[in-house]
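Novice: Marked as ATP binding site by Swiss-Prot on the basis of sequence analysis: GLY9, ALA10, THR11, ALA12, THR13, GLY14, LYS15, SER16. Here Swiss-Prot flags THR11, ALA12, THR13, GLY14, LYS15, SER16 as substrate binding site, drawing on sequence analysis. Residues annotated as region 'Interaction with substrate tRNA' in Swiss-Prot, with sequence analysis given as evidence: 34-37. Annotation source Swiss-Prot lists site 'Interaction with substrate tRNA' at THR98, citing sequence analysis.
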Amino acid sequence: MTKLIVICGATATGKSSLALALAMRLGSVIISADSRQVYRKFDIGTAKPTVAEQKLVPHYLIDICDPTDTMTVADYQEQTQALIASVDVTPLLLVGGTGLYIRSIVQGMKIPRVAPQIELRSQLESLGQLQLYAMLQQVDPVAAQKIHANDSVRTLRALEVYYVTGCPISEQQGENPPNYPILQIGLDCDVEKLGNRIKQRTEQMIADGLVAEVEYLCQKYGADLSLLNTLGYQEIKQYLAGDISLDEAKELTILHTRQFAKRQRTWFRAYPQIEWFDANNPDLLDKIWLRINEFTNCTHSS
């Protein structure tokens, strides 16, 4: 019987290292739930598991897309559900900090299968967010009530789905939860300690060659590549352009990562099914191992 263990939480809480240790004990595999680790060549800045780590335990949904491709939540859900159904190992580990990816699996979100429409998006974006939101209120008032008036990304997506399918996105959404047992484990620590973790990790990324990685990606794909405008890459890109110093790029990365971690914590805390553990507890691995044994034994006996 399939069982799934989710390891989630904010960035820099140690999810990957914990998952690796657990997977080795369990003889299991790791399915990534990180929206940037799916892209090839984006390695250091995404804290992607190293080649050596990936040799220790099979990792899935890492390095599956070119940086010029687009991986939607619907794509991720489809591939992950197929993996869970086909991999002959249990329990499986789903690990990452991309909340929508995790939610798409554990809650079985129904997601409209509408690929990004570049020309349509361009036409809509030219109208401005104020007009777009007014249009959404007319064609899909239910979705408009759930989307903030300044949320241009979700407004655009809702209109895109409506104009492609002729049906409001609110009527195409819902949930179809999986029928297998799921244990959701969250890692967290206090703000000051998380800030120190983020600082140390940022410094390590730079020491590991983040500047050279960004320089290579800019040369190969062009500085306008959308992924290069994401956390950790956009700041180094500013440094390479001569706009800021490397120290300033580092401090900006730390600041932006802390802000991102705050948003992640808010997202995950909204889900009561997640069982929280202190990432700085020296007995963390043993405590979670005990909880996993309870989970696997309970679901096996039932």
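Placed from the backbone N, Cα and C atoms, the Cβ positions cover glycine too.
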Novice: What other residues of this chain sit with their CB within 8 A of the center of the CB atoms of GLY9, ALA10, THR11, ALA12, THR13, GLY14, LYS15, SER16, the recorded ATP site?
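Specialist: Everything else in range on the chain: GLY97, LEU187, ARG197, ALA279.
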Novice: Give me the DSSP three-state residue breakdown of the region 'Interaction with substrate tRNA' (34-37), ordered helix, strand, coil.
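Specialist: Residue counts in helix, strand and coil order: 0 helix, 0 strand, 4 coil.
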Novice: Applying the rule Cβ within 8 Å of the centroid of the Cβ atoms of THR11, ALA12, THR13, GLY14, LYS15, SER16, what extra residues of the same chain belong around the substrate site?
Specialist: GLY9, ALA10, SER17, ALA47, GLY97, LEU187, ARG197, ALA279
Novice: Ten-angstrom check, please: count other Cβ atoms within 10 Å of the Cβ of THR11 (ATP binding site), all chains counted.
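Specialist: A 10 Å sphere around the Cβ of THR11 (ATP binding site) contains 21 other Cβ atoms.
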Novice: Let's check the environment of THR13 (ATP binding site): how many other CB atoms sit within 10 Å of its CB?
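Specialist: 27, counting other Cβ atoms within 10 Å of THR13 (ATP binding site).
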Novice: If you count Cβ atoms within 10 Å of the Cβ of LYS15 (ATP binding site), leaving out that atom itself, what do you get?
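Specialist: Counting Cβ neighbours of LYS15 (ATP binding site) within 10 Å gives 25.
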Novice: Should GLY9 (ATP binding site) be counted as helix, strand, or coil on the basis of DSSP?
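Specialist: GLY9 (ATP binding site) sits in a strand per DSSP.
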